[in-house]
Amino acid sequence: MALQLLLAVFSCVLLLPQPAFGITRHYTLEIKMQNVTRLCHTKSLVSVNGQFPGPKLIAREGDQVLIKVVNQVPNNISLHWHGIRQLRSGWADGPAYITQCPIQTGQSYVYNYTIVGQRGTLWYHAHISWLRSTVYGPLIILPKRGVPYPFAKPHKEVPMIFGEWFNADTEAIIRQATQTGGGPNVSDAYTINGLPGPLYNCSAKDTFRLRVKPGKTYLLRLINAALNDELFFSIANHTVTVVEADAIYVKPFETETILIAPGQTTNVLLKTKSSYPSASFFMTARPYVTGQGTFDNSTVAGILEYEPPKQTKGAHSRTSIKNLQLFKPILPALNDTNFATKFSNKLRSLNSKNFPANVPLNVDRKFFFTVGLGTNPCNHKNNQTCQGPTNTTMFAASISNISFTMPTKALLQSHYSGQSHGVYSPKFPWSPIVPFNYTGTPPNNTMVSNGTNLMVLPYNTSVELVMQDTSILGAESHPLHLHGFNFFVVGQGFGNFDPNKDPRNFNLVDPIERNTVGVPSGGWAAIRFLADNPGVWFMHCHLEVHTSWGLRMAWLVLDGDKPDQKLLPPPADLPKC
């Protein structure tokens with residue numbers, strides 16, 4: 001009888017749905033100096049495992065990831081896993097002096113987190129000073145085993161990560177800019193997977209080549225890791241189908257060109273031509289420019305090569321490929337905001353049964369922040385002049401006119417230990433203290449205030465945030481990245497946001513869900529998110545120059561009442577300041 005009962009129970013257990021448990025993945029990343037040559041210029045740069053860009057990391061939805069980061073360089077270091085929610089694991093998020101003190105020379109730290117409810121293309125990068133110029137790599141999250149993509153399985157998946165190459169040391173560049181108050185020097189080239197390509201001098205051998213077969217579909221995982229530039233990207237004589245943005249599936253649409261801001265990722269399907277075309281095709285990217293400062297006005301190119309038919313393979317195939325006609329794509333104009341707007345408007349969440357768009361329909365708190373540039377007075381002694389907008393001012397940037405001052409202690413630890421006094425203020429304004437015509441004639445006083453201010457939210461608060469660009473020192477697009485959350489972009493527009501009219505046009509059905517949004521130049525973006533993740537979460541412009549100038553702030557989400565709504569305790573190896 002007991003045996004029959006046991007068999008019956010066992011049979012019932014077999015009938016229950018079996019959970020797809022994740023596994024634990026271990027990685028070790030050594031941050032070390034490495035000599036790298038590009039554009040006939042060799043320099044010693046900060047690398048990951050001696051590679052530039054860093055190695056591809058792969059996990060599946062549901063996996064626990066333990067990444068030991070060992071610092072073997074003179075610089076302090078921290079790594080951010082861009083787009084990972086870090087549910088209750090804020091200690092692993094990575095921004096220096098926000099969620100952790102940086103890892104000092106000769107020290108190590110294990111980033112320990114579980115990937116919950118996420119799959120797609122993300123990336124990792126250094127999150128201190130300008131070290132992410134060389135410390136970055138793809139972070140690919142595959143769906144759970146047995147869970148298909150919402151599109152046909154591609155023949156092959158290819159990460160393509162855009163970056164910027166500087167002949168000079170980027171730490172010296174931002175250090176000089178900070179001292180003089182001026183704009184930093186721009187990059188010498190853009191790169192695809194670390195390679196500038198043949199349109200630059202002394203660079204033909206450093207070209208990314210994508211070898212494809214006719215009649216196949218390739219999933220290109222595009223990542224913009226550039227420091228300071230949004231990019232247009234196109235493949236000559238080919239269209240692509242956009243299927244994902246910031247690791248969220250979108251309603252598929254075809255396009256010849258994509259726009260991708262720093263911090264953003266975009267997955268596209270490339271269907272190759274049905275037969276061998278007897279040609280090769282440039283894949284090019286160049287900047288989308290809205291600001292008034294200097295920029296790197298150059299173009300990176302990779303080459304799409306078709307595998308030749310079998311009868312032409314052999315010793316001469318590489319030579320024959322070299323002799324093929326090479327087509328170039330036509331990219332939008334550098335300042336083509338019309339294209340940027342149309343592309344942005346096409347992005348919609350898939351909003352299917354399996355991948356719903358859970359937009360907060362009821363909002364607990366509404367915030368209105370300005371984002372833009374400003375000035376600080378010269379801090380030089382001996383009446384030395386600055387190189388900012390005037391010879392008595394330095395460039396600055398702010399959110400709601402508060403230029404964020406980086407603390408010397410980690411904010412998350414200060415909050416967790418109850419020792420926040422003198423480290424940060426919990427009083428970030430809900431809206432600008434001094435309203436003005438944000439996109440009209442700028443005010444005479446362009447000075448910012450400086451402080452370490454946090455916005456405090458009770459657990460599970462539903463938030464609506466409108467971010468408004470300003471015309472101070474010129475309107476400009478700002479890609480804003482929020483750590484710890486995805487958000488829904490429910491509205492965008494140009495001019496000043498109208499709280500009475502504009503919300504009527506909000507998309508609350510299938511808005512794009514992402515972690516980095518471009519606030520339009522001379523316009524605004526409205527986002528909604530649910531503050532269901534306790535911790536301190538950085539929000540900043542992903543143009544590194546603007547972040548350095550202070551266009552950043554942080555949200556403090558308090559613990560909830562239940563045990564699974566509370567921040568986990570700090571790990572034993574958390575770095576000390």
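Using the three backbone atoms N, Cα and C, a Cβ is placed for every residue, glycine included.
Pulled from Swiss-Prot, these are the features on record:
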type: BINDING; residues: His80, His481; note: Cu cation 1 binding site
type: BINDING; residues: His82, His125, His542; note: Cu cation 2 binding site
type: BINDING; residues: His127, His483, His540; note: Cu cation 3 binding site
type: BINDING; residues: His478, Cys541, His546; note: Cu cation 4 binding site
type: DOMAIN; residues: 30-146; note: domain 'Plastocyanin-like 1'
type: CARBOHYD; residues: Asn35; note: N-linked glycosylation site
type: CARBOHYD; residues: Asn112; note: N-linked glycosylation site
type: CARBOHYD; residues: Asn185; note: N-linked glycosylation site
type: CARBOHYD; residues: Asn201; note: N-linked glycosylation site
type: CARBOHYD; residues: Asn297; note: N-linked glycosylation site
type: CARBOHYD; residues: Asn383; note: N-linked glycosylation site
type: CARBOHYD; residues: Asn391; note: N-linked glycosylation site
type: CARBOHYD; residues: Asn401; note: N-linked glycosylation site
type: CARBOHYD; residues: Asn437; note: N-linked glycosylation site
type: CARBOHYD; residues: Asn444; note: N-linked glycosylation site
type: CARBOHYD; residues: Asn450; note: N-linked glycosylation site
type: CARBOHYD; residues: Asn460; note: N-linked glycosylation site
type: SIGNAL; residues: 1-22; note: signal peptide
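Locations of recorded Swiss-Prot features on the structure.
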{"residue": "His82", "record": "Cu cation 2 binding site", "DSSP (3 states)": "strand"}
{"residue": "His125", "record": "Cu cation 2 binding site", "DSSP (3 states)": "strand"}
{"residue": "Asn201", "record": "N-linked glycosylation site", "DSSP (3 states)": "coil"}
{"residue": "Asn401", "record": "N-linked glycosylation site", "DSSP (3 states)": "coil"}
{"residue": "Asn450", "record": "N-linked glycosylation site", "DSSP (3 states)": "strand"}
{"residue": "Asn460", "record": "N-linked glycosylation site", "DSSP (3 states)": "coil"}
{"residue": "His478", "record": "Cu cation 4 binding site", "DSSP (3 states)": "strand"}
{"residue": "His542", "record": "Cu cation 2 binding site", "DSSP (3 states)": "coil"}
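Comparing His542 (Cu cation 2 binding site) with His481 (Cu cation 1 binding site), their Cα atoms are 6 Å apart once rounded. Here His546 (Cu cation 4 binding site) is positioned 14 angstrom away from Asn450 (N-linked glycosylation site), judged by their C-alpha atoms. In terms of Cα spacing, the recorded positions Asn35, His80, Asn401, Asn437, Cys541 that come within 10 Å of His127 (Cu cation 3 binding site) are His80.
Excluding His478, Cys541, His546, which define the Cu cation 4 site, the same chain contributes Val371, Ala397, Glu476, Pro479, Leu480, Val519, His540, His542, Leu543, Thr547, Leu551 within 8 Å (Cβ to the Cβ centroid), listed in sequence order. The C-beta environment of His80 (Cu cation 1 binding site), restricted to residues of the same chain at least 6 apart in sequence and closer than 8 Å, consists of Asp93, Gly94, Pro95, Tyr124, His125, Ala126, His127, His483.
For the pair formed by Asn112 (N-linked glycosylation site) and Asn297 (N-linked glycosylation site), distance between Cα atoms is given as 40 Å, rounded to the nearest Å. When the C-alpha distances from His540 (Cu cation 3 binding site) to the recorded positions Asn35, Asn297, Asn460, His481, His546 are tabulated, the minimum falls on His481. The 10 Å shell around the Cβ of His483 (Cu cation 3 binding site) contains 28 further Cβ atoms across the protein chains shown.
Within 10 Å (C-alpha to C-alpha) of Cys541 (Cu cation 4 binding site) lie the following recorded positions from Asn185, Asn297, Asn437, Asn444, Asn460, His481: His481. Sequence-distant neighbours of Asn297 (N-linked glycosylation site) (same chain, six or more apart, CB under 8 Å from its CB) are Arg286, Pro287, Val289, Leu334, listed in sequence order.
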